[in-house]
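K.L.:
Encoded as structure tokens, here's the structure I'll be asking about.
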Amino acid sequence: MLLVIDVGNTNIVLGIYDGQRLVRDWRISTDKAKTSDEYGILIRELFRGADIEFKDVKAIIISSVVPTLSGVLERLSRNYFGYSPLVVGPGIRTGMPIQYDNPKEVGADRIVNAVAGYEKYKTSLVIVDFGTATTFDYVNRKGEYCGGAIAPGLVISMEALFQRASKLPRVDIVKPPAVIARNTVNSMQAGIFYGYVGLVDEIVARMKAESKETPRVIATGGLAGLIAPESKTIEAVEEYLTLEGLRILYERNRE
């Protein structure tokens, strides 16, 4: 079995693959203070609930946008599984030309998503990933990663509103009953939700115009399912896009 680990600023997503089949997946909170032993104990409990043992895992691949946790999880891999993991970063074989001024600046998660998206659709793509930041990535019809845009994530936007405006409460991110809201909570939800739908559609529209192609638009990330139904541009939600990209990259880098 292959263990894939996607480390984000807010959540860590883990998946177990048996060949090309995703057997189980878990989402846990990112905690920069946790040690490799603490993560090891947590993963053991997750595995126990799925009737999986450490010895069942034969390889590990990690994508991380949190540098302080990269070393922690590499130690976890060696100490608990007996393997040095494959880490997504400079030098890894992606099979995708990266047309970025400095390829080392591109977040690992963005490349992983691009690889998975192009492998599935084999056409030009806009990939919208609703994470701590919301990223928009463009892959052209030749399968080249061309770059994209980065916007504050939904949760960051809502938290900023709560923290910087004294009289505004912290609220859940949900679709409100109306745009013309009749109370403060719904008003905040309307502004964030519909404002974000507009942000997504406008950036996607401009990417399409600039590219002079007709890309397929897909979304992933924890809040993709909330925004996509209201978006005029998102055509599909790929819940496991990043995990699938990690599996593909592992296969491309096997010795």
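Any Cβ shown, glycine's included, is placed from N, Cα and C.
According to Swiss-Prot, the record shows the following:
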type	residues	note
ACT_SITE	Asp109	active site, proton acceptor
BINDING	Asp6, Val7, Gly8, Asn9, Thr10, Asn11, Ile12, Val13, Thr132	ATP binding site
BINDING	Tyr100, Gly107, Ala108, Asp109, Arg110, Thr184	substrate binding site
BINDING	Asp129	K(+) binding site
K.L.:
I need the nearest neighbour of the residue listed as 'K(+) binding site' among the recorded positions Ala108, Asp109, Thr184, using C-alpha distances.
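P.N.:
Sorting the recorded positions by distance from the residue listed as 'K(+) binding site', the top entry is Asp109.
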K.L.:
Tell me, in order along the sequence, which recorded positions from Tyr100, Gly107, Asp109, Arg110, Thr184 have their CA within 10 Å of Thr10 (ATP binding site).
P.N.:
none
K.L.:
Would you mind checking how many other C-beta atoms are within 10 angstroms of the C-beta on Gly107 (substrate binding site)?
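P.N.:
Gly107 (substrate binding site) is surrounded by 19 other Cβ atoms within 10 Å.
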K.L.:
Any idea what the Cα distance is from Thr184 (substrate binding site) over to Asp109 (active site, proton acceptor), rounded to a whole Å?
P.N.:
36
K.L.:
So, in DSSP terms, is Ile12 (ATP binding site) helix, strand, or coil?
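P.N.:
Where Ile12 (ATP binding site) sits, the three-state DSSP reduction gives strand.
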K.L.:
Taking only the residues the record lists as binding ATP, namely Asp6, Val7, Gly8, Asn9, Thr10, Asn11, Ile12, Val13, Thr132, what is the largest Cα to Cα distance between any two of them, in Å to the nearest whole number?
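P.N.:
Largest pairwise Cα separation, rounded: 13 Å.
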